[in-house]
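So that we are looking at the same thing, I have put the structure below in structure tokens.
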């Protein structure tokens, strides 16, 4: 990796996030207004006109910067729309960070939005350029593509399918329990392990409760130079490392890839950790927000992000290592699983939880003095994806 | 291109699926016949089954000797497209040179004989393929059948069967008809056809016997869209060794071809085969099997294919044929395949040809310019894999995906010698797939969107390792051996 890093050069000084869920009464424009108005209300020293530039992340709820500019009506400001599959929200904040770090702008606003529930379809709906009809992604749904992880992981590590099932169930149960403590989560009730395992099958061994919530929502972050951060808030969130990697779809074409890992995640984590000076993520981090689109994804991510040894994450999961009271709480806000997954907003929602935790505003799920956090956002599918990792902390010299 | 005097290779294809006639009858409160109806899968049509038969035929020939000298003629009563040659898709799937002529001979059962005559005249390949639909409760549904056969013609020196004589009679008879595109055929009172066809058949049998120098048939294959005719004419033209009809029931343009393929599976060197196809007249062929038959028989005889069926529930079959509309999944319908990318990637889409990096050997499916192994650009050679076998690396059953017949079974396939791709699995029950299952490839129609068929390849569990394949019941065997 050639990135020299962005450690402590920029900070997030204001955030907003809508409740995620089925917003039948709100359009994408409404959700954009809701998230940004919440941010400005909580950050009274700035108003909309003080923002120098906007980055909008949305997968499919609008095109171009106009989606944001027609909703928020900024005064002839630059608005860039970005899209990078399910890592779209992280891509928006990443670009805003680099824009501020370059010195070109003093205040950049990253906003992510997705309005999934207007389609009438189950799950995500793709919009693909005209093609020859041979791409597997055209027919295979996201849960099916991620369900490949389950038999592959069992085969590689000799894990009995019942143990694997139990680990996947535990992840769903844990994230629902966390989400139940979160007033902005889509699903605010816990689920029993029996409910998880008896849920209607979607693909492979994944049932409905192994899948993230399909939802509407928006989230926003105001990015400023790190040295000015305290002008806006007494508790800024400092960016320690940012990394984005796009794979060459090697895994989808290379028989050497065995569907038990995301090489893109390994590479992006290595890069972000190096920028942040993290050498042992399993012990140095206070919390992690990871891309738990499906339960086996979170399991594999524990290994790819270095939170568990290879082939051992299923045991750590079952031992409670990643629960709120565990050695490294993962998805304390409920994750994609329970908070919901409005694609363009999800990466920003992960940062929002870190923001709340560092400020001591996470309510019933507040962790004790968190010092360093990771957000991980994945776009695509096993063998064929982009991966984003951020390391963030509450102190400028962390 | 000289006129060809014999068949140099042949193959028949019987699709895997069966509907038990008892279940059809129970569903409709009707009378039940014995056995099972052979039905094409939801992802099969006359084009894909034609590819199956033709590919099986070409596989019996030595590598490098597989391009027919003459044209490729696809006969069917159920063309997948009108106004566009379905034979072109077959030609592409077989990866034949662009200089080969390919055209459809579509419309009636007799189109099968038209393809035969055309291919025999120029040393080409006749492919006869049909999906026979009938309304629920109809005779076509009950006693029809789906399947394909292919014959390659060449000179007598290379023939597995010489064409000794061939005669035809033509008559305008309103016995069977169907409006173009219609789901079901009409048939006049059966006995009218029997009376009308009998004199034609008698004349044809006499004429072909005379033309063959008075030789009597050892094997007789008698087929007709009219079941009464088939029954009556068998008495006029019995073979000394065997007298059979269509192995799967009336199979439209594939009827005579499937019957002949079955006879060639069984016939011994020196024996004669009389083929009588009674449709809009009568075509009579007298063939004599040569010594070369022993080495040239198709590896999977028609009779064997009949015994390894998979039962499909009657309502599922009705949904496959568009006779029962099922609630679709709450998912968008797929886009239609676009013309320009399909044409640019024709060798990929239709012939499953990837690219192999000349520097590091990495096999790319689909082909691409920059190597994923060593990153070298534009240093690739085509890598045809349609005849390759592979192994399931991982798999899933997708209950959410759009499919004409959910759930969709999809597997990541690692090909022997390199290359990986994620493919749908054809003709499979979910329990037949696991990590390590061996598969081969089959050309199928994935779905139709806005009138465009999406043809591509699917994995198919290799026969020897298919626990899901059960032996057909004795009844099913008898029923399938309709005559």
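All positions are counted from 1 along the displayed chain.
From the backbone N, Cα and C atoms, a Cβ is placed for every residue, glycine too.
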Of the ranges B:325-345, B:346-366, B:367-387, B:388-408, which one does TrEMBL flag as region 'Disordered'?
B:325-345
Under an 8 Å Cβ to Cβ limit, what residues of the same chain, 6 or more beyond the ends of the region 'Disordered' (B:325-345), are close to it?
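Apart from its flanks, the region 'Disordered' (B:325-345) reaches 319, 366-367, 399-403, 406, 447, 449-452, 454.
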The domain 'ChsH2 rubredoxin-like zinc ribbon' (B:352-378): which same-chain residues, six or more beyond its ends, come within Cβ distance under 8 Å?
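Answer is 95, 345, 384-386, 415, 417-421, 441, 457.
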May I have the DSSP-based helix, strand and coil counts for the residues of the domain 'ChsH2 C-terminal OB-fold' (B:389-444)?
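Reading the DSSP string over the domain 'ChsH2 C-terminal OB-fold' (B:389-444) gives 3 helix, 31 strand, 22 coil.
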